[in-house]
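The domain 'GPI ethanolamine phosphate transferase 1 C-terminal' annotation in TrEMBL covers 433-912. According to TrEMBL, the feature transmembrane segment maps to 12-32, 444-463, 484-503, 509-528, 612-630, 636-655, 671-691, 697-717, 804-823, 843-865, 885-905, 925-949 (among others).
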Amino acid sequence: MVSSTLRTLLSVVLYILLFYSIFDVYYTSPLVHGMDYKRPSRPSLVGTVVFIVADGLRYDKLFTLEMENTPTLRGIILNEGSWGYSHTRVPTESRPGHVALFAGFYEDVASITKGWQANAVEFDSIFNRSYQAFAWGGPDVVPMFQPLHRVGDARVKIESYPHVMLDFTAENITQVDDWVVDRFSDFMQTHSHLLLKTNSSESPEDGFRKGNFIFLHLSAADQMGHTKKPDSEAYTAMIHNLDTNIARILAIFKEHPNIAQETAFIFTSDHGMTDWGSHGAGSAHETITPLIVWGKHIPRPRSANWPSHLLPFTRNLGRHDIHQADLCPLIACLLGIAIPANSVGELPLDLLDVDSSVKVGLIRENALHILKQLHIKYEEQKAGHYHFLFREFSKFTQKQIDNMLESAALQATNHDYVAAIETYRRIIRLSLEGLDYYHKYGRFFMGICIGLSYAVWSLLLFVDTFCHSDPKPRGNEHKRTKPDSWVLALSLFISIVILGFLSNAHHQSLLRTFYQILPLILGLILLWTPRYRQGLSHLFCRTHSFKAVGEKKQSGSKYGLMLALLVILMEFGLWGFVHRSLLAFGAIFLGTWPYLDSTFIKLRNRPKLQRIWCCACCVLAIFPSLPLVGSFTSPTLVLFSNICTSMLAFVLLRICRRSEHVLPWYREPNYLLIFESLVSGLLVFLVRILVSWSVSIPILVHIICWILLIASPLLALFNKNFVVCERLVGLTLAFFIPFSLMNVFYEGLFFLTLATVLFTWIWLESDLEFHEFYSLKLTTESQGKPPNTGGLFHVDLASLRRPLFYVFFVIYSFFGTGNIASINTFDPVSVYCFMTVLNPAAMGALLIFKILCPIVLVGIAYSLIGRVKESLGSATASSPVHGALHPETTFLMIIANFLAVHFFVMLKDEGSWLDIGESISHYVIAMSIGLASVVLSHLGSWMLVPTWVKTHSDRMKFL
C-alpha cells in the first residue's frame, strides 16, 4: 500500500505541474524566430533620432489647459511639430513599455516567470539595428538594451546613474533627470563628432546597421508619482524641471547646427500613473501617454476641429493617436534601418512629412515584414499538429494574401497611393489577427485535457478516501469488476503509448505531451490499482451503504438544506474573486449560520453565542465595502490598529491565564510580542512622518524593522507554552507584526477582526466552554486514533461545514482589504520601513509575505480545529483512518480542484496587468487552497507544536 506521505508528495507534485500548465497553455512566447534581415530598400530620412522618455509621466498633467508649466514643450506643439497620445498596452510597467517602444511588440507574457525587469533584452531592437546607440538613464531600464553579445561594443554607449539615486525619500528627486542631461551635455561637448558618422553596414550578419540613436531616460516623474502622488505640488514642480531639461537639450543641439538639422526628436512616456501613485493596470491614466514629435521630416502643426471634451489642451491642432509599438517602425523608417524582427507596430504615416510615393514604399515594407512573421508562425503550427486536423486561418489564406499584394502593387503602379496605403494597412491588420490565431492554436484542446485531469484526479481522491474507509469489499464484487477494468486499463495504456509517439513525431514539447496524456494516466491509475477499482465498485454499486453518524438520525431534507446553504456560501466566495463587495454579503450570510444550522453551536447560552458570532461576522463584512488599500494612507490608523491588537492580546492572556506562577514580562514570549506590536506601530508612524518631511530614514530604523520581521515568527515558534490561548495569541502576533510593518491604511484592523472571527470559530467548533477550550494544552503527539466504525464512509454536517468555512476565510483573507493579489494596489510606501531605494525583487518578496500572513493565520486555525477534534475522540469524517489522507482534506482538495478549473478557463493573456495578474492570482489562490490543505494535513500540528520542543505531558489535558 502506498504510504500517506508518498501520496501527499505526489499530490504536491501534481499541483505544481498543473499550475505550471498555464505557462504551456496560456502564457507562451509570441516571439517568431527565424526572421532574416534584408537590406532596407529606402534611404535614411534623418541621421540621428533623439528619443526622450519621461518615465511614468501622466498625460493630463502635461497637457493642461495652457501648459503653463511647460513653455518649451508648449512652443514645440504650437510652432514646430506634431503631438498626440500614445496608447500603451499593459502591463503598464517600465520593461514592457520600453520593449514596445524599441522592439515594436508588447511584452512576451511568458517572461512573467522571469520577471519584467533586470533582464537583458533577448530579442531584436532599435539598439541592435542602429549604427551607433547612446543611452543615459536609470539602472533599472537602460542596461536592458545591451545584450550580452554587444557588451563592450564601441558602437553602444550605455551609462546609468547610481542605484542609490532611486531613493523614494530623497529630498531632491529631480536630480536623476538633471544627471541624465548633464551626462548628455558632457558627451556632446567632447564627442559630438561621433554623431556626424552615420555609416551604413553592408554586412547582413551585422544587420545593415545605419544611423545614430540617442535614448534619454528621465525617471523623476515615476519616482515623484510613487512618492508624492501626481496631484501634489511637488509633481507639478517636477514637470516644470522636466521642461527645463528639454530646453537644455534643445540648446545643446543649437550649438551643433550640422547635427540638429539632420535630427528628429520624439518625446513620450512608457506608462502613466494612478492617482495613488502606482501603475500596472489598464486605467486611462496608466495607458494613455503624451507624444510630441518634431524635427526633420516631421509635419508641422495642422488645424483640426476636435471636440473640446476629448482633452484639456486642443488649440484646434490636429491630434495623433497611435499605439505604443507603432513608434518602433517610425524610428526604423526615420533612420532607414531594418524594422526589428518581432515588431508588430503599424507605421504612423501621418507623423512623416514625405511624398505619398515614399509613404507607399514605407508601409509596404512594414506589411511584408509582418507577413513574414505570419508565414513562419503558420509553418511552425502546421509542423506541430496532425495535418488532417490542422485548420488554416480562414480570414487570410495564402490565396487571399497573394491577391491583396497584387492589388496593392497595381494601385501603386497606377499612382493611386491612398488606395495602396489602405490595402497595405489591411494586410497588416489581417496579419496581426493571423499571428494571434496561430499563437493560440490548440489552446482549447489543451484546456480540455487540463480540465479532465482535474476531474479524474478529484474522483481518484474521493475513491482513495472511500477505499480506506471500507478496505474489504465482497470477493464476488472484486471478481466481477476486475476483467472489465483490465480491458479499460489496457486500452488506456495503449492510447498513452500511441499519443506519446505521435506527439514526439510532431516535435511537441515533453511537458505539452504530458498534459495531453495526464487524464489518461490518472484514469489508468484509477482502473489499474485494485484498491481504487474496489472503491469505484462501491461508489457505483453500493451507494446505499453511505450513512451519517454523529447524530441519531438526519433527515434527507435537513441535509439538502445544509448542502444548499454551503453551496450559497461557496458561490459568495467564488464570485468574491471578481466582485469584492459580494464577500461582504458572504460574511453576513456566515453570521446567520448558527440560526440555520443547529449543529454549529452546542454550548450553553446558545442565543448569546449566536449574537456574538453574528456581530463578529458583520464587523468583518465592513471591510470589502471600504476603499481599496493603496488608494489612501493613514499612519494614525495603522498605529491605532497596533494598539488595539496589543490591548486585546493582553486582555485575552490575562483572562485565560490561571497559573499563579507568572514569569516577569521580559521573560514571557507573548508579552515580548505584545511589546513588539506596539513598537512596530510606532515605527510605521515615525517612518511616515519622516517621509512627509522629506527626511532620510535612519538606517537603525530599517535594521529594527528587519529584526522584527524575522524574530517575531521565530519567537512564537520557540515558545514552550502550549496552552491553546497562549499558542494562538503568540502565533497571531508573530504574523501580525511583520504584516503591520507593511500596512498603509486599515489592513491592521482587518487582520484583528479576522483573527477575532477565527478565534471564535475555533472555540465554537470545539463544543467546549470558553475557559475549558482555551486552557487546553497541546502536546507533540495526539491521542490514539479512534477505531474504524464499521467500515463505512461517515459524513456529518460538520465535516462538510468546516472545509467550506476554511475555503471562504482563505478567499476573504486575500480580498478583504482589496485586490491585494494585483500589483496595481501595491504602494511602495508600504515597504518604506524596510527600504526606500527601488528594488523590485525584494519589494515583491515582502509584498508576497504580507499577502501570506493572514492566510497562514487561517491555516493555523483550521489545523487546530482538526487537532482538537482528533484528540477529543471525535469519530466523524474528520477523523483520519490509518494510511489515508484526512477526509476533510480530501473535501478541500476537491473543492480547490473545482475552483481551479473555474479560474483556469478564465485565465487571460491579454489586457491590463490588472486583468492578467488577477486571472493568474485567482488560479494560484484556488490551487493554493488545495495545496495548503495537503501540507497542513501533515504539518498543521507541527505549526502549533514544533517537534523540537518537548512538553510536560504526553497528551492534551485540561489545566
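Cβ coordinates are placed from backbone N, Cα and C, and glycine is handled just like the others.
Whatever TrEMBL says is automated annotation, not expert-curated.
Against the transmembrane segment (444-463), the recorded stretches 612-630, 636-655, 671-691, 885-905 differ in Cβ pairs under 8 Å, and the greatest number is found for 885-905. Summed and averaged per residue, pLDDT over the domain 'GPI ethanolamine phosphate transferase 1 C-terminal' (433-912) gives 77. Cβ atoms under 8 Å from those of the transmembrane segment (671-691) belong to residues 168-169, 227, 633, 635-636, 638-639, 641-643, 645-646, 649-650, 653, 665, 697, 701, 704-705, 708, 711-712, 715-716, 729-730, 733-734, 736-737, 740-741, 743, 748, 829, 832-833 of the same chain, restricted to positions at least 6 beyond its ends. Non-local neighbours of the transmembrane segment (697-717) in the same chain are 169, 669, 672-673, 676, 679-680, 683, 686-687, 690-691, 730-731, 733-735, 737-738, 741, 832-836, 946; each lies 6+ residues outside the stretch with a CB under 8 Å from one of its CB atoms.
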